[in-house]
């Protein structure tokens, strides 16, 4: 199955194995994906957890009401959520300031948490969805790509200066491709610092230390203030930065088979079928897995072969094969690197070097998802592990306490989780019927 990945400022479309479904029995062995119900936990300030006002944040996994009885897939945007029913319908809830729910631009805020079917896709049999902060997308069974929302940085991919789609609109630039089968990697949107490869000239992104001087510890309050100022300055200057308005082939991937791709807030990760991982874009927190320097797409050096990746604001996660020659069975592990302000890496050690999360070495991991400052993993047994910032209940452990190491979400005992999706501050789970 194919997935479209949408970060805040750009998008990728490529052939992608949805390991979060396959590994937990959802699509392995060539069978049809399994369906289930949707649970959510974490920040509900925009209604993304699906609990109606005046409901507060959800500190444990909580069923999302009023969805179809059988859901086949979920996607978590920054502050909104999407679900695909077994009948190929798309449902949405959460923030709608940019029309990303597909219900127009003027829906009252007190209705955002209501789960509603997306208008305009009634004649499309949807097979997969993806969400960013401001845009949502769906892939039809015929390989067509549909987008809706609002983005002044070209994230819709509908053509030059088209910044709004109040209803789902087909991306005509990809009309001659079957997005579900062709396996080519396309990118579009905001392209600063090489996050879309060599479509534009790559530049060197200064680190936070260089931005304010080299005399401060990276976890000090002064360092955090410097990072915040960097982000503010970037936002103010983005109007003058290059934008790719329509899907264009990624040069660095044009001669390779792409097996997975993920977009963080300002960086990108791409895996080739031979296990080579490329990273590009902003490297403020070491999320590219290398020292500061050119931010273009370059290989990440690691000791294991990755097969799935997840990129977020400032940290990166990769599922990898860790079996050694002569061992029986397939063993998997998680490599983490980048920003670690709330222990979202799940391990000690050097931040900018991909390193194993040893606490999960006994588990067979099938999916991993990175939130803003937390991380979520799914095992082959359908169990969910979380770590990092516990604020707003985003770890699902019943408290707001940060966890430096992965913790089992034990309130899910007795159920099998098929898919996990972490957003900025909330999470979605697809639970087997």
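Note that Cβ sites are derived from N, Cα and C of the backbone, with glycine treated the same way.
TrEMBL entries are annotated by machine, without manual review.
According to TrEMBL, the features are:
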type	residues	note
REPEAT	36-87	repeat 'RCC1'
DOMAIN	38-428	domain 'RCC1-like'
REPEAT	88-142	repeat 'RCC1'
REPEAT	143-179	repeat 'RCC1'
REPEAT	183-274	repeat 'RCC1'
REPEAT	275-322	repeat 'RCC1'
REPEAT	332-381	repeat 'RCC1'
REPEAT	382-433	repeat 'RCC1'
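Note on the repeat 'RCC1' (143-179): DSSP counts are 3 helix, 13 strand, 21 coil. Across the repeat 'RCC1' (275-322), DSSP classifies residues as 0 helix, 22 strand, 26 coil. Per-residue confidence over the domain 'RCC1-like' (38-428) averages 90 (mean pLDDT, predicted model).
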